[in-house]
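Novice: Following this message is one structure expressed as C-alpha cells.
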C-alpha cells in the first residue's frame, strides 16, 4: 500500500473514533458513576447523544452505529477500502499483462479480478446470518449487480464516447482529429469488429436471467428451486465458454488479420491488372477473358522474371509484392510471399512458371467475384466490380484493426521483480475485498433501516462507485487518446466487464440462492438488466461508428432504470 493510502486510512480512522457517539468524563470520583455508566452528576460532557438502539459489532475496525449519519460515514470508509481493493487488483493485473501477454491474463485473470470486488459483496450479502437475514440482505447484492451493469453501460459508456470523440468522415472517425466540437452527427468514436463481437457476447450473457425468471413469467410456484439450479449451470457454462474465447481471441484475431492482408495482395495485383489490361477483362458470358489475361500475365511475368529462366523464385515474387506498395497495412512480406506461392505453385517446387501464374491470377478473379456476391458481365461494370473488391478489402481490414503496431510493448527489465510486485498487489486487493465486504453490506443495511430507503437503491447508486471506479477511470483515460484502437479497447473492456458481471457475479448470486434455499424475487431488477444490456448490446453489435447522439441513449437509460424499478416495485407491487 502506498504512503498516500496509509495516510488516507489513518485520517479516516482518527476522524471516525473522534466522531463516533461517545463521552468525555471530567475528573470525578468513581462514586459519581453508576454501574451501567449513566450520568448522575453534571460533570459529564456529551459529544453526541447516545442512542438507545444497540447494534451488532461487525469485524470491521470501525465501531458500529444505528444512526443514518454514522452509517453514511461507514459506507464512505468501507467503500473507499473497496475502491483501494479494486485499484490494487487492476494494477496487479496490468503488471501481469506486461509479462505474460494478453491471452491467458487478458482472457481469464483480468475479467475475473475486475469482477472480484462485486462478487465478494454479493457473496457476503447472502452467506451471513440466518436464511431470513440473508433473504433481506441479498437485495444489496442484486442492487450492486444491477447498478454496476447499468453504470458501465450508461454513464461510463457515454462518457468514454464524449472524451474519445473524433471527427467522422466517410462513416468512420479520423484518429486524433477533433474539430467539430459536440456535433451530434459529425463527431463520435469508431471501434473494430472485435468490439462488435464483444457487444454480441454481452447481449447473449443475459440468458441465465431469462431462465431464472421463467417461473415468475408463467406465474408458477413449483420448480423454482430447480430452475435456479438450471440457470446456475447455464451461467457457469457460459462463463467457461467466454473465458476460453477470450484466451483464443488474440490468436483468432491474428489469423483473420493475416487472411485480410493476403486479400490486400490479391486486390493489389488485380488492381494493377485493371489499370494495364489490353482489352476487356471478361467475356460476354461473364468469365475471365483468357486472351487478355494471358497478354497481361505474359508482360507482368517477364517484367518480374529477372534471370529469364521462365520461373518466378521467392526473391522475384518479393519484388512483385514490394512493388504493390502496401506499407499502410504493415504487411509481413515473407508471409505474403508464402501465401502467393501456396495459391500459384501447384507443382510444389517453390517456383511459379507461366502456366501456374496465369492459372493463379484466374483463380483470384473467381475468388474476387464470389466475394463480391454478384455476377460479373463484360463492360464498364467490370471496373466497378474490381474497385468494389478493393474497397471491401480495405474496409474489412479497418474493421479488424491493426495488430498492436501502434502499441509497442517494451521489454520488461526485471520480470521476476514485476511478477512479485503484481502478486503482492493482487493478494492485498483480494484480502481487502474479502475482509471489508461484509462491514460494507452491514452499513448499507443499517443505513437503509435508519432512513427507510430501500437498500436496493443505495447499493444501486453508491456501491458501484466504489467497486468500479478504478475500471471507469482507466477506461475514460484510455479513451482520451482519441484513436480507433484505444476506443476499441475501451469499449471492449466495458462490454467484457458487464459480461463477467452477468456470468461470474450472477453465478455467485444463484449459488447463494440455491444453497441457502432463498426465494428468487427480483423481477424488476432483472428487467432493468435485460433492457439495458439488450439495447446497448444490439447498438454495439450493429454499429462500429457511434456518433455523439448515441450518448443520449446511454445517459437516458440510467435514470430510466431507477424510475422503472421504483414504479414496478412500489406502484405495481412486483417485489
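Cβ coordinates come from backbone N, Cα and C, glycine included.
Automatic, uncurated: that is what TrEMBL annotation is.
Straight from TrEMBL, here's the annotation block:
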SIGNAL    1-21  signal peptide
TRANSMEM  68-88  transmembrane segment
TRANSMEM  95-116  transmembrane segment
TRANSMEM  136-157  transmembrane segment
TRANSMEM  194-214  transmembrane segment
TRANSMEM  226-248  transmembrane segment
DOMAIN    292-327  domain 'EF-hand'
TRANSMEM  418-437  transmembrane segment
TRANSMEM  457-479  transmembrane segment
TRANSMEM  491-514  transmembrane segment
TRANSMEM  520-539  transmembrane segment
TRANSMEM  546-568  transmembrane segment
Novice: Can you work out whether the transmembrane segment (226-248) touches the transmembrane segment (491-514), with the criterion being 3+ CB pairs under 8 Å where the paired residues are 6 or more apart along the chain?
Specialist: yes
Novice: Taking the transmembrane segment (491-514) as reference, which of 136-157, 194-214, 418-437, 457-479 has the most Cβ pairs under 8 angstroms?
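Specialist: Against the transmembrane segment (491-514), the leading stretch is 194-214.
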Novice: State the residues, same chain only, that lie 6 or more residues beyond the ends of the transmembrane segment (546-568) and have a CB under 8 A from a CB inside it; answer 'none' if no residue qualifies.
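Specialist: Beyond its ends, the transmembrane segment (546-568) has Cβ neighbours at 146, 150-151, 153-155, 157-158, 161-162, 165, 168, 182-191, 456-457, 460-461, 523-525, 527-528, 531-532, 535-536, 539, 574-575.
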Novice: Do any residues, 6 or more residues outside the transmembrane segment (457-479), come within under 8 Å Cβ-to-Cβ of it, and if so which ones?
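Specialist: Counting only partners 6 or more residues beyond its ends, the transmembrane segment (457-479) has Cβ contacts under 8 Å with 75, 79-80, 82-83, 86-87, 90, 114, 117-118, 121, 139-141, 143-144, 146-148, 150-152, 156, 159-161, 163-164, 189, 440, 444, 447-448, 486-487, 489-490, 493-494, 497, 562, 565-566.
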Novice: Which residue counts does DSSP give the domain 'EF-hand' (292-327) for helix, strand and coil?
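Specialist: Here the numbers are 24 helix, 2 strand, 10 coil.
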